[in-house]
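One structure is given here, and the rest of the page talks about it.
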Amino acid sequence: MTVTDEVRSPARASGQPLLEASGVTMQFGGLLAVNDVNLSVHEGEILGLIGPNGAGKTTFFNCLTGLYKPTRGQVRFNGVPLAPKPRAVVEAGMARTFQNIRLFANMTALENVMVGRYCRTSSMALTSILHGPKYRKEEAATRARAQELLDFVGLGRSSEHLARNMPYGDQRRLEIARALATDPKLILLDEPTAGMNPLETRQASDLIFKIRDSGLSVVVIEHDMRFIFGLCDRVLCLVRGETLVEGTPIEVQSDSRVIEAYIGTGESDDEDAGQDTPAGGDEEGKS
Amino acid sequence: MDQFFQQLVNGLTLGSLYALIAVGYTVVYGIVQLINFAHGEVFMIGAFGALSTYLLFFDGQTGVWILPIMIVGAIIASVVTAVAMERVAYRPLRNAPRLAPLITAIGISVFLQELVRVFYDRIPFADFPSAKQRIPFPQLDGVSGKAVEVGDVTIQRSAIFTVAALVVCAILLWYFINRTKLGRGMLAVSQDPDTARLMGINVDRIIVVAFALGAVLAAVAGVSQGLQNNNIDFKMGFIAGLKAFTAAVLGGIGNIQGAVFGGLVLGVVESMATQYVPGQFGGGTWKDVWAFVLLILVLVFRPQGLLGARVVDRA
């Protein structure tokens, strides 16, 4: 990748983590989708979240962003406990994109991004009907900022296109622009390169570096290992809702349990009994 | 030919009234997928709000300058009713099966009718007439009285007011939806409420705004109806609400332009049917039949409505 370790390290700030999730557990009836997951993200850090399908990555994201109320556990942002309400989360400074693109299909690219500005602008019902000078100024500022963000993700020329008519890769970028419009300190990307070709994937990781360099922290869910290991400062691997390994890309990459979790060990693949070594090792690793 | 233009004028007048009410159905449906059958009562209460304002402050006067104040009174009455209805009756049912709010809506409709019928003349500190029979609506200079003659076509002054009100409301509404922050929030919520919530939009507030918006237009319609018919009564919301709902479905429910267009089409079809359907099926008594025949035809051949896009149900 273009960014080397020397460039990366100064951005990795120490001290209090920006996002700190402790013991997050999400239970749906009898299904333990996320079990006691801890996560901390520091300022300017890119953290990767990997794991096989159904490992609970997206569910964990939903817990972080207030879409789900975790059964147990706490999420702290900037040291303050976060109420499990999407609006509170956005206002605190955390934004996200979705695994299945969820744009406002019948709005233009620009309007989509302007919706992202919603919680950062003050004008309310009456002022927007009477639209005084303050309102007009704010509306113009919103528009300008939205255009700026479209330029930032490389969609500056598509601002008047309807979201549903845009090519797939552009829709992913647009989602990122919309998330950035909420002025986040941390952005959560759920499979930002799903369905992309190698060129688009490379562009996506350049964009993520660019976002990080502008001072944001990034948490990214991805299946593309090369993408993740080239991008992240730290990687967390979830398996069946539990943290299997956490460490630098090199540590995680070489961890035999991660490889087993993805490929299987052969004997234990069909059994959930858990007396085999990977599960046992996991248990020890956590305590 | 004069007959044609006369009926066209009548139809557009009637249609404007339907359109003003229909927007309320469609806006609320677009946001929460609820058919608010009590919307006709919001319209009725708007008319009573205007009447009350007149009786309280301007009884006996006829200056046209009173009209804007009456409209404000109507809007306040309607908006308060609609917002309270949302808060008390619909919000607790937000996650209930869809049948529950629908039946609640019918219940509220009956409740509000009876409330006005029984209690209107018992409001303390005011000397209001009983609403058990029709109450004369104040006639103001300029918007009632002598009709305007254009060639052989007679245009009532109240009709001019109604059509003008629709035009003004439609323009303001378009501006509000497409050019303001709240309008953008409404569009976002109507397309994907969960994502909108995750973008930091207060969905509850947007829903209240949708109800209030519909109520404002219904209030204007209430005043128009009062001026046109010279009287109002507690039942006026029922048939008007039903027709406006038809108009909203006709245009494609959830689509604001569709509601306006559907209202106008319905009004014109009714008027034309009165004039041109021959024999025993013509005339005023059959106009409602033709209105609903039109609805059935549209639902059979174009179920998404005249302007509605075929939408895939949300995943």
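The backbone N, Cα and C atoms fix where each Cβ goes, glycine too.
Keep in mind that this is a model prediction, so the values were computed, not measured.
So that you can see what the record holds, here are the features copied from TrEMBL:
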type	residues	note
TRANSMEM	B:12-35	transmembrane segment
TRANSMEM	B:42-58	transmembrane segment
TRANSMEM	B:64-85	transmembrane segment
TRANSMEM	B:159-177	transmembrane segment
TRANSMEM	B:206-223	transmembrane segment
TRANSMEM	B:244-269	transmembrane segment
TRANSMEM	B:289-312	transmembrane segment
_Cβ contacts under 8 Å made by the transmembrane segment (B:289-312) with residues that lie 6+ beyond its boundaries_ = 243, 246, 249-255, 257-258, 261-262, 265-266, 269-270, 273, 277, 281
*Counting Cβ pairs under 8 Å that sit 6 or more residues apart, are there three or more between the transmembrane segment (B:64-85) and the transmembrane segment (B:244-269)?*
no
*Close approaches to the transmembrane segment (B:12-35) from elsewhere in its chain (Cβ under 8 angstroms; 6 or more beyond its ends)*: 42-43, 82, 90, 94, 98, 101-102, 105, 156, 159, 162-163, 165-166, 169-170, 173, 186, 189-190, 206-207, 210-211, 213-215, 217-218, 220-221, 224-225, 228, 240-241, 243-248, 251, 253-256, 258-268, 270-271
